[in-house]
Amino acid sequence: MDKLYLRGGRPLFGEVRVSGSKNAVLPIIAACLLPISPCILHDIPDLADVHTICLVLQHLGARINRQGKTLEIIPTAKPNTEAPYEFVRQMRASFLVMGPLLARAGLADISLPGGCAIGSRPVDLHLKGFHALGAHIEHGYGSIRVKTGLGGLWGKRIYLDFPSVGATENIMMAAVLAEGQTIIENAAEEPEIVDLANFLGAMGAKIKGAGTKVVRITGVRELHGATHTVIPDRIEAGTFLIAGAITGGNILVSNVISDHVKPVLAKLREMGITVYEECGGLRVIGPEKFSAVDVKTMPYPGFPTDMQPQMMALMTCAKGTSIITETVFENRFMHVGELKRMGAQIKTVGRNAVIQGPVKLSGAPVKATDLRAGAALVLAGLCSQGITEVSNVYHIERGYEHLVEKLQGLGADIWGTDI
Ligand SMILES: CC(=O)N[C@H]1[C@@H](OP(=O)(O)OP(=O)(O)OC[C@H]2O[C@@H](n3ccc(=O)[nH]c3=O)[C@H](O)[C@@H]2O)O[C@H](CO)[C@@H](O)[C@@H]1O
Ligand SMILES: C=C(OP(=O)(O)O)C(=O)O
């Protein structure tokens, strides 16, 4: 899809089902390089990022069959060990094949992901972990080559300077086949880590403490294939909750684990928005008026950085002054300029954004600068006067399955065009 168009001002009604989680499924697909037999994965969303990670696995030698929302991944005994820039530049999460390749093949040569719109996003913590497990690390021409020494990987105690989601996942996947016990301290606690650990456990891995700050992995000789259903996408769920609230609608968001969206629910309620659990989902009722709130993004269980742009869109319609402090990524305010083009009153100072509301947003041509920035513009468009035109829709397609159809199903006046 090239561009999205929205005619705002319609309250949303009805029910929307949340898809499988993008951020859970990407490491889980990478983990399918580890076992000696095939894996079956259910509730796999139809997303650009999922297609990319599947291409990476196929390039590495795995065979993949897709039937609807189910994937069968058949690993190869001798994987290719190189993931070139052509894949990694499309999606940073391609770097997550490094841990599984290192564990399974003793070698991985992966292009460096480089920075992106939201920050520089280094991979030093991933490499620090692999080094601690005994891997040699060589920096090549735009790529990193990691190799096990004689005797393979050895379990170690690894302290992460920051609870990085990707580093925790990559190190966990390398450690499952290492000799002895690995302890990751200050590990990320995100639900996606728990989902990956559950999948690895189903393959025969021994992991304790996933979802807490200390993860203990006892290496095993080999892993076998497993069947797994991916958790619902908590960021997509949060985005739809805001869509209901910002339009003054009344919608049921189904297939959501309410515990995973707790920090978002807390802020919505603080703003005076009604959200409650109802059989199989969360109902949100958007009041005519709601109040400003302050939000600080933090690693889980704090408020997710991946919901910050969407929350900012909501804050433009809240009465009073809201402040957002972005602590996870150093450059995640690219949507501010675009929201201001729609009439939002926002000032940024360093990692803080001050949002003055309520304003009546008006439709404008705007550009999605990254995935969640794009989602924020769609939300703003849903409550704007006139027509909003969103370009660079490919960012949104990385992480929202059938967004146009889902919003149309709730009564939104939204449509897309192809080039
Ligand atoms: C595919 C996926 O799951 N993506 C999510 C994952 O990204 P990702 O795994 O890349 O995010 P991290 O948790 O690793 O990054 C958090 C912070 O740590 C820094 N850092 C990270 C690794 C490292 O080696 N060195 C370092 O300094 C990053 O630059 C960033 O400032 O978690 C982020 C934080 O919740 C989410 O926004 C992303 O949607
Ligand atoms: C930042 C995100 O994803 P990624 O880490 O894949 O860039 C996101 O999902 O908002």
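Cβ from N, Cα, C; glycine included.
Remember, TrEMBL labels are computer predictions, not curated facts.
Here TrEMBL flags 7-407 as domain 'Enolpyruvate transferase'.
Within the same chain, residues at least six positions away from K22 (phosphoenolpyruvate binding site) with a Cβ under 8 Å of its Cβ are P45, L47, D49, V50, D233, I235, E236, R398, G399. TrEMBL lists K22, N23 with the feature phosphoenolpyruvate binding site.
Annotation source TrEMBL lists UDP-N-acetyl-alpha-D-glucosamine binding site at R92, R121, P122, V123, D124, L125, D306, V328. Long-range Cβ neighbours of V123 (UDP-N-acetyl-alpha-D-glucosamine binding site) (same chain, at least 6 residues apart, Cβ-Cβ under 8 Å): F95, L112, P113, I144, G166, A167.
Taking all protein chains in view, 14 other C-beta atoms sit within 10 angstroms of the C-beta of C116 (active site, proton donor). What TrEMBL lists as active site, proton donor is C116.
Secondary structure at C116 (active site, proton donor), as computed by DSSP, is strand. The 2-(S-cysteinyl)pyruvic acid O-phosphothioketal feature in TrEMBL is assigned to C116.
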Can you tell which of D124, D306 has the least company, meaning the fewest other C-beta atoms within 10 angstroms of its C-beta, among these binding-site residues?
D124
Where P122 (UDP-N-acetyl-alpha-D-glucosamine binding site) and C116 (active site, proton donor) are concerned, what is their Cα separation in Å, rounded?
10
Mind computing the max CA-CA distance among R92, R121, P122, V123, D124, L125, D306, V328, which the record assigns to UDP-N-acetyl-alpha-D-glucosamine binding, rounded to whole Å?
22
Listed binding-site residues: K22, N23, D124, D306. Which have a CB under 6 angstroms from an atom of ligand 1?
N23, D124, D306
So which binding-site residues out of R121, P122, D306 are up against ligand 2, CB under 6 A?
D306
State the Cα to Cα distance, in Å, between R92 (UDP-N-acetyl-alpha-D-glucosamine binding site) and C116 (active site, proton donor), rounded to an integer.
9
How big is the Cα-to-Cα gap, in Å, between L125 (UDP-N-acetyl-alpha-D-glucosamine binding site) and C116 (active site, proton donor)?
18
